[in-house]
Amino acid sequence: MPLRARSRKPGAGPAARAPQAGVSEPSFVAKSEDRLFKHLFEDYQRWVRPVEHLNDTIKIKFGLAISQLVDVDEKNQLMTTNVWLKQEWIHVKLRWNPEDYAGITSIRVPSDSIWIPDIVLYDNADGRFEGTSTKTVVKYDGTIAWTPPVNYKSSCTIDVTFFPFDLQNCSMKFGSWTYDGSQVDIILEDYEVDKRDFFDNGEWEIVTATGSKGNRTDGCCWYPFVTYSFIIRRLPLFYTLFLIIPCIGLSFLTVLVFYLPSNEAEKISLCTSVLVSLTVFLLVIEEIIPSSSKVIPLIGEYLVFTMIFVTLSIVITVFAINIHHRSSSTHNAMAPWVRKIFLHKLPKLLCMRSHVDRYFAQKEEKGNMSGSESSRNTLEAALDSIRYITRHVMKENEVREVVEDWKFIAQVLDRMFLWAFLLVSIIGSLVLFIPVIHKWASIIVPVHIGSTNT
């Protein structure tokens, strides 16, 4: 009986077995990497500075990349940032020949397993001086690249003079905590802070961020450090809409108090309401800015000035209302100089309608009424009655004219302080904004021109 040919199973031929021949290659690479780690870290001491000679200096290329400006706490004078510390140095004890280890040119090693420079942020405010324990990239020639992400809270002296149109200069100072310059030297990699992955902040904008290297001498040793200066500008739109404009509006609202008639009781109510509103705004600013007696923000000075302004308007309004309700029965006769100034001179200067002074109007001359012995008694009685009525009417006219004169003086006072307070409000507002415009022109414009030229 002829042997029946066995059916060949799918995938059982040489072509199907070919991929299995390459299965050993990844295993070989893995074994080579394992062998490389054993070779590098056998008897390795991560606390020993990796140099061939004791006097050799390890040069650290240092750079900074910022990913986010998280917050600027003006009250506590802190700047919170998310940064990446770019560090690179040569480790003479971590070198190998790639040909001996399946062509491996780089490996990833945890940072807490090898020697790393103890570069910290000197002006740290939360006690966290070290970076995050992330892996380092070790190349075959001994070059180590380590870029740990760090969340820093650094101290920043806040200058609130031009709040909310202020620019702050916050610095971050990095250096070795234990090594001097002869052991570990820091080389500034980039003059500019890397902002390619920067996430914009809704309140602050980074104008410039530059680095510089310096040295601090302490006795026989010198200590290198790198300082990064961040010039940040506050975006003032929010505070302009909800703080500056209402404050200016309240100051000009005070001017309208003098436009109300003097007999209106709402004048005092309006002044008091404005004063309370300004007090609330002042408390809001006090919650934002740091408690310092060195610098007072311009907006704070403007609010205090406006509060004094409103207080004076209340005093003047009370005085004007008192004058408005004066009469000959409650006060003495008006002094001649008061009449001359407030009834004749000031109305012309204030473009007011001339007030006709009738108080000293020449009285009609009394007619000579020669008594006739032959006049009747009834005629004399009638004349006496007419004289009495005339005197009574003239007296009432005089009293009414005195009251009208005092009312007109109150109107003159209101008009005079209306123009005076309006002028002072405009000048105060200009004094607030002119220094801000000058400050921005001296800083923002050169930076913008420089960035355009580059």
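Placement of Cβ uses the backbone N, Cα and C atoms for every residue, glycine included.
Here is what Swiss-Prot says about this protein:
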type	residues	note
COMPBIAS	10-22	compositional bias 'Low complexity'
CARBOHYD	ASN55	N-linked glycosylation site
CARBOHYD	ASN169	N-linked glycosylation site
CARBOHYD	ASN215	N-linked glycosylation site
REGION	1-26	region 'Disordered'
SIGNAL	1-29	signal peptide
TOPO_DOM	30-240	topological domain 'Extracellular'
TOPO_DOM	324-416	topological domain 'Cytoplasmic'
TOPO_DOM	438-454	topological domain 'Extracellular'
TRANSMEM	241-261	transmembrane segment
TRANSMEM	270-290	transmembrane segment
TRANSMEM	303-323	transmembrane segment
TRANSMEM	417-437	transmembrane segment
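Sequence features, as recorded in Swiss-Prot, placed on the structure.
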residue	record	DSSP class
ASN55	N-linked glycosylation site	coil
ASN169	N-linked glycosylation site	strand
ASN215	N-linked glycosylation site	strand
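A sphere of 10 angstroms centred on the C-beta of ASN169 (N-linked glycosylation site) encloses 14 other C-beta atoms.
Outside the transmembrane segment (303-323) by six or more residues, the chain places 247, 250-251, 254, 257-258, 262-263, 267-268, 271-272, 274-275, 278-279, 281-282, 285, 406, 409-410, 413-414, 417, 421, 424-425, 428 with a CB less than 8 A from a CB of the stretch. Around ASN215 (N-linked glycosylation site), a 10 Å sphere centred on its CB holds 12 further CB atoms from the protein chains shown. As a whole-number mean, the pLDDT of the topological domain 'Cytoplasmic' (324-416) in this prediction is 64. Counting only the Cα atoms, the space from ASN215 (N-linked glycosylation site) to ASN55 (N-linked glycosylation site) is about 19 angstrom. Long-range neighbours of ASN55 (N-linked glycosylation site) (same chain, six or more residues apart, CB within less than 8 Å of its CB): SER182.
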